[in-house]
Structure formats: structure tokens, C-alpha cells
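Engineer: One structure, pasted below without further comment.
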């Protein structure tokens, strides 16, 4: 049913629209987009540009969460990826050489994918809980990033590298184009092949998936690898945007923002049905929130308070226990035990 | 500090294995350190471990309660930072008396714990999400108070920071160490000699069974988060004593260190098994790694993080191995 | 006879669309072991849940020691002296045996738990009940039997009037069962009233003094075990009289044996689930697995698909020995399996009906070779029509379908893969009559097309009607094979189930 898809995206879209409108009230010129020096300028463009890394990370996170997992290490991977790329570029004679930058980018992305693969192995092969498995890299990852940068911020001066996170191409920010391409490719890979359905099956019911013959392990490893890769690209963007690799602070708390974006987008943390479009909307909501707070002059760090409120509200609304206790839409005779009568719990998620 | 002389319910060999491994590792590191660096073996180095990591010890002990119930608390670092900020602000700006500020700050920590525990238990929100919101909130509130670092000039704090309690001829400790030890003793007693403590273990073992056995599951789980909140607040105060300053960026990543210390100390992340003694050893092990790196001089601090990550991996795999006898289809 | 310690008078309990208990009387006397008997859906578990306060009765009353009581929940039941020990032991595996006995009510002095006292008292209790276990051992390291005994010790120490044991023996081996029975008899001699639920007839006859039989939520009767023959008991449980003793035909070898068997199991078994058994299924043959609830039907079927790992024996598929380490291995050899538990093991409720239908085929193809949209629509449409799945909307979430239609979706899922062997575990349970008949018809026509079917069902008529060969299970053993189903009646099969030897 098309109506269901509409419903799934309705709330995140509505929140985004309300936030944008609120901005227009505060800043009348908020929606204006101009072309200056052949580049698009404007608050909306800024939101897209600044939100690009988050959109990518959240995209990877969505796929992992669909399998019923979670990846806490994306922030660390962001730092490592940026660190490696900048380290390699800074060591080159000519930092502006395109081939050199391409090699650096390729190696950084390869390493990110390997790190994701490692997470996937711990989850699918060793059988660790996803939170625990990815916690290891979350802890060690920043150390690795600082190891690469020798604890210092590595500054690079490389126009080709700058393009990734701060440059423009065809009047558009290059990062936004990258995000659009990755999202489109992921959408195709997920919905034009059977990948999306199988991932949803694994997250929706792992035992039934096993009994239907789905090779869950490979797919789970694939999901984590993809998530690592996305975090790697985001890491390149962040370091490229400021032409600096900061092993300590790059991607700090990004994993939490990404999870938040996924949840706001309407994908349940328990796995199963997922929506890439919702996640993108969720990421934009978070970025708009940050931008809004920034333009109102409140210290940007205070955004965290608002994020806390958003997390709380979204999670509570998604919690069946909360809805049952607070709204009491249907009076149930007693708390349903694990084995509830089969036919009774038909509920359409509106 | 021996794990074998404990009385009480502590009789299970397999659960001891992880603690013993940690202890062995600690001894081995110390021995190696002492051989390579003669100054390493002094009592003051051991005491310094406690001085430098007293706040982490207190926070990790609180975390132990939560992890034993099968939960996790990501808010500890943020709550600790908020406690420091509150101290600095209330003492420095509003000039409230210390006797009011400190209890109030501790109460705020307990309040945070209660809120998160309530939401986790009654609304069935995943612990890491609920405590994540708590972390955002606490960090954000720090920055609401001030986005800059505030130094604390209150005489109570500055004097405390300089107080040394002599311990033999060349060794002395800070009051923080004593507080850490008191917290440890209290936690040990609570976990092993009170019904609340045993219920913490029972919930971590199987919360459905605990419920059917008539244990107060809701109260116990919420209290565990309250203990963690209290310990975080106390840890934040101790950190403020240590640095005589407060900042919204203090103790970033402390939650990871605390979790790592608890896991390296042999507590199962899935709950139900572990000891505070292990947590103490875990914190000391983390501290020892840092000390060795400091003595070594050329190896940089980021190796600490990597070493912690590797240890975490090893201990998680060890737990997996020890726990793999649980049959599953 | 002394007065009943526990009495239920005219108790009724209904759920939407089901009458779980209808005007049931029940009495439990001190110092007896009382078996509660009945087939699946007879109302046993509802009765226990009413007794323990999990459900409240719609009508009737419960009397404890002659006084009318309203039990409000398990805690309340326990405080009244009614304790329950379930098959799934509700204790904490990470705590010691002693602590499990005393947790929540630890003896303490000045707020401190007195561990020495706990260990001493636990040791005393365990010795008194003849349970040979170190009170300091961690419960999780003990055998299931010991864990159950510890649960019983705890329950009895808290309150010792009525003890309900809900299928305590399901996963115990013979010696462990004996150990449990010893403790049960000791408790009985101490005056405890024990309500015992078990699917194992032998055990019921071995240990119980009296029994109450339920069928379809209604009371059939209360009997003294010694005076009720097994045939009569099975008759009461299933609602059939066994007046005619049919002559059983030994297996008719001429039927379909000429073809190579699709599946040949040789000594396949799994400890605690099903004793090693042999089985052959030929193309176009419907083999029925019959037996009472808990007889090992499902367990046997799961082994044939690799859903569980066998710990003995070999399975040959299409003539070649195949190690069934995962369902994948079986699926590759053309085996399909519809599990008993539709919701938790079959359907993926998040996905749409259409997605659920193509899932097995897609899983076999791998994610890189998706079915084309047209092919998918064609397949889904064809099977939804053929199986008459309603509503005929392939984009609807599968969770919204009725039970019968969900079952058809699972069938469609496997039929698309054109399996050589289809294993159906209770495919008609809990679905309406029309859908049931359709599924039975489908099985028959599949067999005519050469598909081999392993059909598990609790309903004997159904098994008889569509099977060419019936395997009879009892107490987790395959005890008989009937080759010529034309000359057997349901009563004949019950006869075997009741009297069959378990050697």
C-alpha cells in the first residue's frame, strides 16, 4: 500500500517542515538560495552540506539496525578514516596531486570497510551482542586515529581533497552530490535486489529467517562492512571540510546522532522494516535543529539538551509500554504475558 | 587484596577466572614495570594509581551495579561533568555553602539515575538509549551553565586538593583515595550482604525468574541506576577536587573507561555475574597501563586507548569462551 | 478421606472466541499426587493459571482448606500456600543453589545477610529431600533435574500445602525422572498435595494416585489411577471409545518402495528430544507422524530439516548422505519445512504477504539474483489464487492475516521452491474448518504430483485420511509403523499409543 509508505515518512517530514518554517519566522531570508560565483549559497544549502556526513553515517546505521544490530563504532571510524587520508596526503610531495589524493581516499575507505567487516565478524561469527562487539572499536578506534596522526592535528593543503567536503561541483556542494549518489546507489542495491527484503527478514525474525534458509551471517557482515564504509566517507568529508584530521574530536558522538536520525526516521531499533528516506529526513531534522540553535545565538553545545528532549520524546512515542500506560487507548484486562492470544494483537502502525 | 579470602556467596570458580586473570595481568604488569623502571615498584606509584583514578574508580563502581542488572549507563561521564559544573557554579557564582552544594549535587546525580531507571523499567526503553538521552541532557546542561572551563577557587576545594594524608615515611594519599575505598567497601557490602545487592544479581541472571520469585524487580533496577547516578556525581566532585576546575568537556569518554574497567574486571556485560573487586582491579589495570606509558616516555598516550580496546576484546572473548557452555539450539 | 485442601467448583474461563474452561470441578487432597490429563487445548494450563491467579475465573469458585479464596497472582498464590514449578525453571542460573532457595527471604542480622545460616539451612533442606548437590554450586552448572528439584525445595520451603508441577519431566532423562519422583513421593508422605502435569503416560501411572481428565475445556472425570486402564485413559482424553480392537496390518511393503526414497533416516536422534529412529519417505508418499502432545513428533520432524542438530545417525536425501548442519543443507536438497509455531518461527510479520511468499525462493537464489517484478507478481498471484489466500492483497503486512491464511502463506512460500519433500508440522492447528480441508486436499494433490510429504498432526483422523504410512511416537520414541492405513482406525492407533512398549 502506498498509503503506508506515506505514513511512515509523514512524521519525520512534518517535523522537518515545522522546524524549517520556524526558522523562516526567526530569519525571514532563511529559504533564500542564491548563486554566487557559480556556487549555491543559502541556509538550506548549508544544512544539506553540514548534514552530509551525518546522512551517510545514518544511512549505514540504518542497514545495520535493520538486521537487529547497532554500530557504536562509527564515530571512531570517522576519525580513523580522516586521519589516514590526511596522513597519507600530508606525506606527499605534491599535496595537490589528484592521483595521490585518490590513493589516499581509496586506502582510507578500504580501511573503514575492513573495520566494519571486523565488527560484522564479531557479531555474526563470534556471536557477540552488537552493542558489545562494536563497543570494542568505539573504545580503541580513537586511539588508532591518534596513532595515525601521532596525536597532533594533521593539516593538509590539498585542493582536490578539499573538494570532497568543502568544494562545489556544478554549483552544488560536492559532498551533497556524494551523499545523493551513495543514497541512490544504496536505494537501488537495497530495493532493486533482494537485499533489503532479506535484511528486513533477518531483523524481523532471526529464527524464521534461519528456517527459511537465509544465509544471515554473510548479510550481517555485509551490513556492518557497508556501515563502516559510509562512516569512512563521512570521515573524509569532515576532515576535508576543515582540511584537518583531528583524531580526538572528529566524529565525536556521531554514533549517537546517527542512531537518533535512524530512530526519528521511523526505523525501529529492534530491527526489521527500515526506510532510507526516513533516515535522511531524520538526519536533516537533527542538522536543522543544530543550525536553528546556532542562528538563534544559543551556544551550539546546548543543542545536546534539545537532542536529549528529542530522543526522549521519540523513544517514548515508539515505546508500546509507554503508550499503553499513558494513553490507554484500549483498556486491556491485564498486562499481556509473553504468550498473548494469537489473533488479538492485530495493530496497524498508523 | 586477595580474591580468595572472601566470605559470602563468593564460591564460584568459573566466575573467579576472569577476576584472577585480571589480577594476574596486573601483577605481571607491575612486575615487568618494576624490573624495567626501578622507580616503578615504589609504594607511591601504587598509591598514585588510586589518586589519579579515584574518580574513575567511584564511577566504575556505580557502573558495576548497572551492568550487573544487565543494563548499561552511558550518562556517567556527563553526569560527573555536570556535577563539577554545578559545584563550580553554585559555589563560585551563587556563593552557596559547601554543606548545601555537595549534598545537592549528589541528589541531582541520584535524580538523573532515578529518571533513567524509571524510563528503562516502566517504559521498556533500551538502557543505552535512555542513558544516551541522559548523557545528552547532562552534557547540554553543563553548557547551559557555561561553555567555558570554570576554575574553582572555593577554599574547601583548594585545600582539599592539597591535603595529603601521610602513609608511612615517603608515601601519602589524598582524601579522594579514602573516599574511593569507602565507596568500594560500601558497594561490596551492599552487593554481597543486602537483599538489594542480591536482587541486583538475580535480575541480571534472569529478570523474569526474579519477578516470579517475588523479588522487587522494578525497585531494584531503578535503584541500581540511582546508585550509578550517585557514584557519577561523587566521581564528578572528586574530579573537581583533583583538577580544581569544571568544564562541560571534562570526563568525555569516561563512560567508556568505566565500562571497560568493569568488563576487564570480569563482570559480564550481559549481567548477573561479576564483583566490585574486579572493577577495582580493572581500574588499576587501566591506571597501570597509563603509568607504564608515562614511565616509558616515548610511547604516547593514545596507546592507552588501544591497549584498553585490546584488553576489552580479550576479556569479552574470554567471557564468551567461559560462557559458551550455555547450550543453545 | 480428609477434606480436600484445594477445591474448584464450577469454574469457567473464556477467552475471545474460545471457551477454555467450562464448569470444571476439581479436588486436590493432602498427601496425594494428582495427575491432570488432557490433550492439547483441553484446558490444563488454563486451570493451572486460574489456580495460580494468572487468570481470574469468569465463574465458579476456588476453595482453599474449605475457605473461598480469590487468587490475585502468583505471589498471592504462594502466600496462600500454592506454589508452582514450571518446566522452564524459574530460578537464577547465576546464583548458588543455596541462594536460589533463599533469595528474597534471606535470614539476616542487622541488615546483613547471614551466609553461613543460608548455607546451613539449604544443606539441611536438600538433605531432607534427598537432593544430592553442593549448596554452594552455581545453579547453572547443575543438571536440569537438580535445578527443578531446587525449585521444588524453594517452593515447598516457602509454603508447603499445594505444589503444582507443570510438565517437570519433559526434558529429563530416566534417572533424573526417578530422582524427581523420589522427592515427590517424600513430599506426598509429608502431606503435601501435588498436582502433576505430564504427557508421559508411563510416568503418570508410575507416580500418581489419582487423576482428573479434561477434554475441550470440560471435565471428563476424576479417577483413581490404579483403577483406570491406559486404553480408557486415552479414550477419555481423546473422546473415543476403544470398543473395537482392530487387527493391525504389519507394514505393506508393496506400496511405493520401488522408487528410491526421497529421505532415508538411519538411527537419527537427539538426546532429550527424540530417541534414534529409522524412517523412509518415498516420492509421492504422505507419511504421517502421530502421537500425543510431547511424544517427540515435532522434534523428529525438525531433525529431518536440520532445524535442530541430530547427535546420532545419518540422513540420506535422494540417495546421498547429507550432513544436516543447517536448514540450508536440507533446502538445497529439496526439503521444505513449515514449523509448528507459525508466528515465531515461520512468518516474518513485518514483511508483506508477497514478500513472505517469495522469501524461501529468494533466499535460495541469494540477494544478488532478485526475482523480477513480473515474475514475482506472477508467482505470488498464482499461489495466492491457488491457495485462496484472502484478502488477496500481496502488499498487506503478513501480521494482519488470519491463522489459516498465514499457514497458506507458509505453504505457498515452500511450494514455489518446488520441493521434493515437504515437512508440515501441525499445518492445520488453530485454523478454521474450511482452510483445514483445503490444506488437506492440497497435501493429497501434491503427493499425486510426486511430492513426498511428512505430515505431523495431533488429529488422528486427519493423519489417517491423508497418509499412506503412519509412524507412531510415544514418550519420545518411534514405537510403531503402520504401512497400510486403509485398515486402521483412529482407535487402533490410540491402542498402540496407550499400550505400546517403550522398551
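Cβ coordinates come from backbone N, Cα and C, glycine included.
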Engineer: TrEMBL tags one of B:197-217, B:302-322 as transmembrane segment - which one?
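Structural biologist: Residues B:302-322 are the ones TrEMBL records as transmembrane segment.
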Engineer: Find the member of B:17-37, B:75-94, B:100-120, B:256-282 that has more C-beta pairs under 8 Å to the transmembrane segment (B:49-68) than any other listed stretch.
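Structural biologist: It is B:256-282 that shares the most Cβ pairs under 8 Å with the transmembrane segment (B:49-68).
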Engineer: Report, as numbers and ranges, which residues of the same chain sit near the transmembrane segment (B:75-94): CB under 8 Å and 6 or more residues beyond its ends.
Structural biologist: 55, 59, 62-63, 100-102, 104-106, 108-109, 112, 116, 131-132, 134-139, 141-142, 145-146, 150-154, 156-157, 228-229, 231-237, 239-240, 245-255, 258
Engineer: Would the transmembrane segment (B:100-120) count as touching the transmembrane segment (B:17-37), if touching means at least three Cβ pairs under 8 Å and pairs must be 6 or more apart in sequence?
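Structural biologist: They are not in contact.
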Engineer: Hey, which of B:172-192, B:224-244, B:256-282 has the most Cβ-Cβ pairs under 8 Å against the transmembrane segment (B:17-37)?
Structural biologist: B:256-282
Engineer: Honestly, do the transmembrane segment (B:172-192) and the transmembrane segment (B:256-282) touch, with at least three Cβ pairs under 8 Å and pairs 6 or more apart in sequence?
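Structural biologist: Contact between the transmembrane segment (B:256-282) and the transmembrane segment (B:172-192): present, because at least 3 Cβ pairs are under 8 Å.
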Engineer: Give residue numbers and ranges for long-range contacts of the transmembrane segment (B:302-322): same chain, 6 or more residues beyond its ends, CB-CB under 8 A.
Structural biologist: 14, 17-18, 21-22, 257, 260, 263-264, 266, 268-269, 285-286, 289-290, 293
Engineer: For the transmembrane segment (B:256-282), give me same-chain residues lying six or more residues beyond its boundaries with a C-beta closer than 8 angstroms to one of its C-beta atoms, as numbers and ranges.
Structural biologist: 1, 3, 6, 10, 15-19, 21-23, 26, 56-57, 59-64, 67-72, 76-77, 184, 187-188, 191, 201-206, 308, 311-312, 315-316, 319, 323
